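Enquirer: Let me give you the structure first, and then I'll get to my questions.
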Amino acid sequence: MSDKKDQVPGAVEAPRGVSRRSFLGTGAVTGAVLAGATALGAGTFTRESWAAAAKEAKSKIHVGPGELDEYYGFWSGGHQGEVRVLGVPSMRELMRIPVFNVDSATGWGLTNESKRILGDSAKYQNGDCHHPHISMTDGKYDGKYLFINDKANSRVARIRLDIMKCDKILTVPNVQAIHGLRLQKVPYTKYVFANAEFVIPHPNDGHTFDLQDKNSFTMFNAIDAEKMEMAFQVIVDGNLDNSDADYTGKYAASTCYNSEKAYDLGGMMRNERDWVVVFNILRIEAAIKAGKFITLDGSKVPVVDGRKTDGKDSEFTRYIPVPKNPHGLNTSSDGKYFIANGKLSPTVSMIAIDRLDDLFNDRYKDPREVIVAEPELGLGPLHTTFDGRGNAYTTLFIDSQVVKWNMDEAIRAYKGEKVNYIKQKLDVQYQPGHNHASLTETSEADGKWLVVLCKFSKDRFLPTGPLHPENDQLIDISGEEMKLVHDGPAFAEPHDCILARRDQIKTQKIWNRNDPFFADTVALAKKDGINLETDNKVIRDGNKVRVYMTSMAPAYGLTEFTVKQGNEVTVTITNIDQIEDVSHGFVMTNHGASMEISPQQTSSITFTADKAGLHWYYCSWFCHALHMEMVGRMLVEKA
């Protein structure tokens, strides 16, 4: 057996000790402003023009003390498992929303309230979230929910944006690795569309591991956005990568990079073409309503078969051939096109959405007749976003660039007209993946800002050891030229982000006492005869002890309680402060118990008092000048 390392075809190893900047040979500049001058035909900076450009770039992103950003940005946390909230254009981090991870600051994954939301999946303490998206009405953000996928454990979560907390998590049955996630845009977000990436046998019980078996497949998944329950699943040929939906409510589409159903790198690149699969949502709904569906593996979810049979299309899907291994799938903000990004091809494929009716009615001999352009943009196109002025912006992973191109001119060039549809190429640092322009996935794309999420930062920041931050770059696209104005280090590993106007997100200042987030805890207290806003009592129920207390900075309602060694202890605290931003905390030392209690919130946590002796609890939040004195004692008597 050879001891030679496996090599990716075409890959080149960087010499050890050589910086990324030198190896890539991008000629990247040290200042963000200079990078903004890489437009085609841009001139050389003079000392004066350098100073002017630097001043302009700084003013673009400066948000002064006490001033507010124009946009909310929602970033996926990747394999860290959370969602991050940033202000744009300042790129200041405002909040982290734990979802699939355990968070000791807020107690997410530790409190009883969060465990109820996590459900059976609470056993997983990891997640891999990629694609955050906000619910819509009539193609515009309504600010109600944000949805996020978990590729690691095949889940989809919903975040209530009024409280910036996750309120529902669904494990998608019959599939593995929920990756691409998008929402129905029109008439409203009725469905969350979620792609399962990996092909698996059905049933997946070890009876076979043959991916070529007819019962080995993956599925396109639709989730009822309000109920957070499965609506339907569609069996497909090949696998599924990224997806998007149209502006009519009729169609969704997904890329496929493994039409071969292979399990190795070489096999996945064997076919010269893969495809975009388009789903006819109305036909799927009609079939399910008529009872024309099956169920799988003991699940009750309606399943329809969207695979071809003997070369004949299913009524639910159409497969449009595109160059091999496409990645991103993006709907233009004018609602005209699905853009499939080539990845291994230097092209993107523009699919005319207004031709899809004819495609489903079998009026084309070749499904590629719905493709109206296939512009060549550069090496490694991954994702495309839009400015609402007819221009598209595509990340080029291999070239470490973003390319601005005009969609109408690309169509004219495809028809044979000599026109230069590429408007500018801008170096970014380095290897960009997702990108997102302000409001671009809605009908209100305003063409002001572009965020490019670069997978490598290398020499852009102070060194942090072998693990480097990512680099989220902010680009001004309000004028004719793209201008890089900010580098933002990010912990591993954001994949995508979205930008919404600040007026589209309405948040609560303090909790409503009737909030469903802790309604179950309120109901349990009621059974114990407890008024959570006034009572400070201990309820003993066999081996279980329920401790109820209020908190008002800087004191807990109970400063001492006694239990027996081995008791299961549930501490329930209600913050009766009514002042905005006066959050309290509760930590029981040496018991792994920690949680947040914000104004008017009730939180509870359960642990075992397994160590006899005195154990202090304290407020972990700096809620008052005397917060150090906000303490109490648990006295654990020997069993």
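Numbers here mean position along the shown chain, with the first residue as 1.
Note: Cβ is positioned from N, Cα and C throughout, glycine not excepted.
For reference, Swiss-Prot lists these features for the protein:
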| type | residues | note |
| --- | --- | --- |
| SIGNAL | 1-54 | signal peptide |
| BINDING | His130, His179 | Cu cation Z2 binding site |
| BINDING | His131, His434 | Cu cation Z3 binding site |
| BINDING | Tyr257, Glu260, Met268, Asp274, Asn325 | Ca(2+) 2 binding site |
| BINDING | His327, His383 | Cu cation Z1 binding site |
| BINDING | Lys455, Glu470 | Ca(2+) 1 binding site |
| BINDING | His495 | Cu cation Z4 binding site |
| REGION | 543-639 | region 'COX2-like' |
| BINDING | His584, Cys619, Cys623, Met630 | Cu cation A1 binding site |
| BINDING | Cys619, Trp621, Cys623, His627 | Cu cation A2 binding site |
Enquirer: Using Cα coordinates, what distance in whole Å links His179 (Cu cation Z2 binding site) and Glu260 (Ca(2+) 2 binding site)?
Expert: 19
Enquirer: An 8 Å radius from the center of the His584, Cys619, Cys623, Met630 Cβ atoms defines the neighbourhood of the Cu cation A1 site; name the other residues of that chain inside it, in order.
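Expert: These residues sit around the Cu cation A1 site: Ser551, Ala553, Pro554, Tyr556, Gly585, Tyr618, Ser620, Trp621, Phe622, His624, His627.
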Enquirer: Of all the binding-site residues here, His327, His584, which one's CB has the most other CB atoms within 10 A?
Expert: His584
Enquirer: If you draw a 10 Å sphere around the Cβ of Trp621 (Cu cation A2 binding site), how many other Cβ atoms fall inside it, taking every protein chain shown into account?
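Expert: There are 19 such Cβ atoms around Trp621 (Cu cation A2 binding site).
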Enquirer: Within the same chain, and leaving aside Tyr257, Glu260, Met268, Asp274, Asn325, name every residue whose CB is within 8 angstroms of the centroid of the CB atoms belonging to the recorded Ca(2+) 2 site, in sequence order.
Expert: Gly238, Asn239, Cys256, Asn258, Ser259, Ala262, Met269, Arg270, Asn271, Lys324
Enquirer: Tell me, if you would, which residue among His434, His495 (binding-site residues) has the fewest other CB atoms within 10 Å in the structure shown?
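Expert: Counting other Cβ atoms within 10 Å of each of the binding-site residues His434, His495 gives the minimum at His495.
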Enquirer: Measure from the CA atom of the residue listed as 'Cu cation Z4 binding site' to the CA atom of Lys455 (Ca(2+) 1 binding site) and give the result in Å, rounded to a whole number.
Expert: 9
Enquirer: Of all the binding-site residues given, Met268, Cys623, which residue's CB has the most CB neighbours within 10 A?
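Expert: Result for the most crowded candidate: Cys623.
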Enquirer: Cβ neighbours within 10 Å, counted over all protein chains: which one of the binding-site residues His131, His383, Lys455 has the most?
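Expert: Counting every other Cβ within 10 Å of each candidate, the maximum falls on His383.
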Enquirer: Please list, in sequence order, the residues in the chain of Tyr257 (Ca(2+) 2 binding site) that are at least six apart in sequence and whose C-beta is under 8 Å away from its C-beta.
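Expert: In sequence order, Asn239, Asp241, Met268, Asp274, Lys324, Asn325, Pro326, His327, Lys343 meet the Cβ cut-off.
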Enquirer: Measuring Cα to Cα, how many Å separate His130 (Cu cation Z2 binding site) from Glu260 (Ca(2+) 2 binding site)?
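Expert: On Cα coordinates alone, these residues lie 25 Å apart.
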Enquirer: Please report the three-state DSSP label of Asp274 (Ca(2+) 2 binding site).
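Expert: Asp274 (Ca(2+) 2 binding site) sits in a strand per DSSP.
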Enquirer: By DSSP assignment, list the helix, strand and coil residue numbers for the region 'COX2-like' (543-639), in that order.
Expert: 3 helix, 54 strand, 40 coil
Enquirer: Name, in the order they occur in the sequence, the residues of the same chain whose CB lies under 8 A from the CB of Glu470 (Ca(2+) 1 binding site) and which sit 6 or more residues away.
Expert: Leu453, Cys454, Lys455, Phe456, Ser457, Pro489, Ala490, Phe491, Ala492, Glu493, Pro494
Enquirer: What other residues of this chain sit with their CB within 8 A of the center of the CB atoms of Cys619, Trp621, Cys623, His627, the recorded Cu cation A2 site?
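Expert: These residues sit around the Cu cation A2 site: Ala553, Pro554, Ser583, His584, Gly585, Ser620, Phe622, His624, Met630.
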Enquirer: Indicate whether His383 (Cu cation Z1 binding site) is helix, strand or coil by DSSP.
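Expert: It is in a strand.
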Enquirer: Across the region 'COX2-like' (543-639), what does the pLDDT come to on average, as a whole number?
Expert: 98
